[in-house]
């Protein structure tokens, strides 16, 4: 049955030579065989009937109708995981790793725009396309890895919230970890009063913290030459710098964000034309670019402040000890020059807001992943509570055993896990967005393909290098008996080999499922021209002549 469906689809797929002219558009492929509803039957058909009037609207009004997904995703680039890795990078390596932030956010902009384009052009998000493309067992493995990524991204939020409660109310870290389970229910309860207001409040609080770091940066005055050198001259001095660089990349380029962004764009009503798709992709790119540029400035400010304060020539013994033991729980001293005695309270409130922002993105990403891979939906509070309970377990154990230092180290480990998980979301995205069978004429240009694959393979290569050299170095220099080292090696080396083989499999596997569908051609030139530019038609439009509006996803990013 599956092969017959694919054969039917392949019969309507044009050759690449036919993409040069005419109307070539992407439609979501419905493998169940039920035709998508006609536009004229939709309750929103008036929007399409009067699209010629909408096309006369100013560009900024069109842009505002697409604003939302990029900013919601960008909140994940300012979560406690980013704050912790930025603070550690600045304290340990001064400005040396700023180039990692620059490359990481440039790469994040590229892949986030690819994720948005994928959703806009195919009418399906990344998890749904993985579900349609890969064999059963591969699909389930990718789903499990995606769920692990969501949990790993939630661990910094749990610990960041616990640190914030510790700073404000002097609650033990382990007790704060337990309380974060209740904060999830409180957050979802507040959404009843309007999630836009809640997101606006969280964004304001996060930007308050950003303003504090910018103010502190103006006070400590980091050397411009050192900042620019660190930003544009790549350098990694030693294994510790490599580990911190990987943690930075893991905190910046998160795999679950790719699933999230490709799904969030489907909640917007996009005109059913090549022109409309191109406009939507351009607007989403502009939005993501602005949001990630702001995130870049904030991350650079945090690293610059941390690096300048902790490497000053006249540093006091108290500050030196604080820098040697710097983590989210003790970083408020960096803001004392600007905020004075209130620095710890304002920092804690902003840290709490930063943590809650990742709750929103993590919950939606988990919902999309489960719906896309398994076609299973859960109530948001159940989904959030389930993810939170799993994330609480390692956080609770580490905070009881290792205290605040152990919990802070767990944030770095979670960021490294995200970095190692990245290929299993990134490679499908790069392949699908560069595939004619998935995107048709909207596939990536050769320049985008080359740049994105070079950056992607570079990050994957660094991960594999660090994984192998770090483990071998640990085997050679630990204090375990030789027999124990042999057993650990026999256990870990096959897993490392499996990781490399899985990456190679995803990279070289040829896509089989076709989601590009040749649209209906109209003989009347006026009708054809109107259809290509998203204008209203007096003639009947074919069944596969539009991208269906995803009402099943519309209420997830902005629930009532």
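Cβ coordinates come from backbone N, Cα and C, glycine included.
These come from TrEMBL:
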- 9-18: compositional bias 'Low complexity' (COMPBIAS)
- 42-56: compositional bias 'Basic and acidic residues' (COMPBIAS)
- 1-56: region 'Disordered' (REGION)
- 63-78: transmembrane segment (TRANSMEM)
- 98-120: transmembrane segment (TRANSMEM)
- 141-165: transmembrane segment (TRANSMEM)
- 171-188: transmembrane segment (TRANSMEM)
- 200-220: transmembrane segment (TRANSMEM)
- 240-260: transmembrane segment (TRANSMEM)
- 281-302: transmembrane segment (TRANSMEM)
- 345-365: transmembrane segment (TRANSMEM)
- 385-404: transmembrane segment (TRANSMEM)
- 410-432: transmembrane segment (TRANSMEM)
- 444-466: transmembrane segment (TRANSMEM)
- 486-508: transmembrane segment (TRANSMEM)
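Packing against the transmembrane segment (486-508) from elsewhere in the chain are residues 138, 141, 420, 423-424, 427-428, 431, 460, 464, 467-468, 471, 475, 480: each is 6 or more residues past its ends and has a CB under 8 Å from a CB in it. Stretch with the most C-beta contacts under 8 angstroms to the transmembrane segment (385-404), considering only 141-165, 281-302, 410-432, 444-466: 141-165. Spatially, the transmembrane segment (141-165) is adjacent to the transmembrane segment (345-365); three or more Cβ-Cβ distances between them are under 8 Å for residues at least 6 apart in sequence. Contact between the transmembrane segment (444-466) and the transmembrane segment (98-120) holds: at least three of their C-beta pairs are under 8 Å, each pair 6 or more apart in sequence.
The highest tally of CB pairs under 8 A with the transmembrane segment (281-302), across 98-120, 345-365, 410-432, is held by 98-120. Contact check: the transmembrane segment (63-78) against the transmembrane segment (410-432) gives fewer than three Cβ pairs closer than 8 Å, residues 6 or more apart, which falls short of the contact criterion. Outside the transmembrane segment (410-432), and at least 6 residues removed from its termini, the chain residues within Cβ reach (under 8 Å) are 80-81, 84-85, 88, 111, 114-115, 118, 122, 126, 129-130, 133-134, 142, 145-146, 148-149, 152-153, 155-156, 159-160, 243-244, 246-251, 253-256, 258-259, 262, 328, 394-395, 398, 438-439, 449, 452-453, 456, 459-460, 463, 467, 499, 502-503, 506-507, 509, 511.
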